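S.K.: The following block contains the structure, expressed as structure tokens.
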Amino acid sequence: MLNNARFRGEFYDVREMRAVELNSASLGFSEELMMENAGAWVAKVARSKGESFLILVGKGGKGGDGLVAARHLALMGAEVMVLFPYKECEIKKETTKKNLERAKMSGVRFVKEFTEADVIIDALLGTGVKGMPRSPAKELIEQSNDFNAFKIAIDLPSGMDPDTGECELCFEADLIVTMHAPKPGLKNLMDKVIVAEIGIPKRADQYLGPGDLLLRPRGIRKGSNGRVAVIGGSKRYQGAPWISALAAFRAGADLVYVYTPTRMDFPELIWRKRTGTRVEEMSLKEALEKDRINVIVVGPGLAEEALEITKEVLEYAKEKDVSLVLDADSLKVLPEIGEKLGWKAVLTPHLGEASKLLGRSLTDSPKERMEAAFDISDSFEACVILKGPIDVVACKDKLVLNTTGNEYMTVGGTGDALSGVVGALLGRDEPWWAAKATTYAVGKSGEICVEERGHASPTCLIETVPKVLHSVK
Ligand SMILES: NC(=O)C1=CN([C@@H]2O[C@H](COP(=O)(O)OP(=O)(O)OC[C@H]3O[C@@H](n4cnc5c(N)ncnc54)[C@H](OP(=O)(O)O)[C@@H]3O)[C@@H](O)[C@H]2O)[C@@H](O)CC1
Ligand SMILES: Nc1ncnc2c1ncn2[C@@H]1O[C@H](COP(=O)(O)OP(=O)(O)O)[C@@H](O)[C@H]1O
Ligand SMILES: [K+]
């Protein structure tokens with residue numbers, strides 16, 4: 001698996017692509033640089049296809065790519081015509097505006113109508129498209145499709161939904177120059193696709209960054225951001241589930257219940273006294289049903305009750321549409337239960353727990369840790385956060401590393417805070433995004449805590465995580 005793995009998978013959906021662009025920008029690689037590379041690539045590929053070029057330019061980033069390509073093709077001695085069917089003031093992207101000005105200075109001819117050429121380059125609608133093509137893009141796509149020329153689409157054919165490939169009216173491309181990684185919509189067209197490297201550094205793919213905080217917007221109804229139950233705690237370990245629950249609440253879950261033997265005073269959390277698998281007067285399943293729980297965090301501090309409780313939780317999750325976080329003691333008993341979790345769960349092992357999950361000893365070698373994370377994900381059909389100095393997040397065919405955090409986070413309770421945060425985020429997003437955002441944000445919070453207070457206690461992490469989560473929109 002590891003040898004062939006592209007870090008974030010083979011195809012990048014719109015959100016993943018945006019995340020990588022933001023990560024890249026945070027590393028000092030600007031959008032302008034990427035656009036320049038994108039356009040230069042298109043020009044290089046296109047030049048051999050004819051002598052005259054009609055470039056259809058939209059008002060977004062893809063239009064910018066097209067304007068760069070126009071300038072480069074003109075420099076290469078080709079006859080270049082640009083059709084920009086909008087008003088200049090409609091362009092929102094600064095980089096596209098700049099490239100419009102540059103194209104005007106570069107021997108490009110601006111035309112008002114569809115004009116004959118050997119090659120048509122589609123720079124109309126890219127990853128920012130919403131719905132069916134509207135006028136004037138619609139008519140230009142239709143005219144292109146009726147016209148006999150070699151057709152090149154930038155990034156993806158205009159009109160196509162980048163994530164699903166849905167396409168009622170699409171630019172009929174002979175060749176598609178897609179930027180950085182193919183989009184899921186291109187799956188059935190791969191024989192026509194060239195992937196252009198536009199200067200995004202490998203690090204932006206391989207490691208988590210601020211772009212991985214691009215979570216779905218919060219729902220506006222109570223409960224739509226997660227009703228979380230944390231099931232944990234025992235006579236010996238009383239604090240762990242409370243840390244996890246408080247972390248879930250602060251990370252944005254609407255309602256957080258704590259099913260645990262001992263009460264602690266947190267007015268924002270709802271306590272249910274749990275004795276073994278009984279919750280107040282109810283069975284565990286009855287309680288989950290009554291509280292209308294849609295995310296369960298199970299494990300922190302469970303100790304010897306872990307097997308029985310985890311079993312029951314997994315049974316419940318199989319019947320109902322709930323997401324799961326398995327941590328600590330629940331991870332230790334998972335191999336014995338042997339359930340597949342149907343891609344609705346996130347497992348949060350450290351190296352020792354990972355080793356138990358796989359039944360083999362593991363070292364700290366990065367390669368071995370990556371393989372282990374993939375193997376756990378495969379075996380249990382779940383996403384995995386393998387915690388450590390360099391965390392590994394793996395989910396089916398996707399994997400990413402994380403370097404946020406520091407050695408002050410080895411104190412007790414940081415793992416409990418992490419499982420609570422991922423529980424909260426599972427309330428409003430899919431496991432891959434919940435796991436990525438949590439791993440990055442908890443580590444980043446550890447860095448901020450140490451800088452500001454000289455420690456990374458769970459309490460400080462819990463207070464800091466919300467700010468980090470909201471730092472990207
Ligand atoms: N970001 C980066 O770092 C890099 C990005 N790159 C390139 O940028 C592209 C993404 O750029 P983007 O986000 O600006 O979107 P893009 O699709 O070009 O424009 C959308 C425009 O179309 C419009 N529109 C929407 N739907 C419509 C419809 N149905 N029918 C008609 N119009 C519609 C919409 O207008 P609105 O409706 O909002 O007024 C908006 O103005 C990406 O594909 C890649 O090629 C590269 O340069 C590398 C670096
Ligand atoms: N030495 C370290 N360097 C960087 N981050 C660390 C380090 N140790 C732990 N962390 C971070 O602390 C969090 C909790 O991990 P860990 O301490 O392994 O959990 P647990 O509490 O289950 O032992 C994770 O976000 C992890 O990335
Ligand atoms: K870390």
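For all residues, glycine too, the Cβ spot is worked out from N, Cα and C.
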S.K.: Considering the (6S)-NADPHX binding residues GLY126, THR127, GLY128, VAL129, LYS130, GLY131, MET132, ASP155, ALA240, GLY301, HIS350 given in TrEMBL, which of ASP391, ASP397, ASP416 is annotated for that site as well?
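M.R.: (6S)-NADPHX site check in TrEMBL: besides GLY126, THR127, GLY128, VAL129, LYS130, GLY131, MET132, ASP155, ALA240, GLY301, HIS350, the record includes ASP416 out of ASP391, ASP397, ASP416.
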S.K.: Widest Cα span across the (6S)-NADPHX binders GLY126, THR127, GLY128, VAL129, LYS130, GLY131, MET132, ASP155, ALA240, GLY301, HIS350, ASP416, in Å?
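M.R.: Taking every pair of listed residues, the largest Cα separation comes to 52 Å.
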S.K.: Given ALA240 ((6S)-NADPHX binding site) and ASP122 (K(+) binding site), what distance in Å do their CA atoms have, once rounded to a whole number?
M.R.: 56
S.K.: Kindly state the mean pLDDT of the domain 'YjeF C-terminal' (205-472) in the predicted structure.
M.R.: 97
S.K.: Under 6 Å from ligand 1 by Cβ, which binding-site residues from ASP122, GLY126, GLY128, LYS130, SER158, GLY415?
M.R.: GLY126, GLY128, LYS130
S.K.: Of these binding-site residues, GLY126, GLY128, GLY415, which scores lowest on Cβ atoms within 10 Å?
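M.R.: Checked GLY126, GLY128, GLY415; of these binding-site residues, fewest Cβ neighbours within 10 Å: GLY128.
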S.K.: What same-chain residues, at least 6 away in sequence, bring their CB to under 8 Å of the CB of SER158 (K(+) binding site)?
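M.R.: Listed in sequence order: LEU56, GLY58, ASP122, LEU124, LEU125, GLY126, VAL129, PRO133, ALA137, ILE141, CYS170, PHE171.
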S.K.: If you count the other Cβ atoms within 10 Å of each Cβ, which of the binding-site residues MET132, ALA240 comes out on top?
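M.R.: Counting Cβ neighbours within 10 Å, the top one is ALA240.
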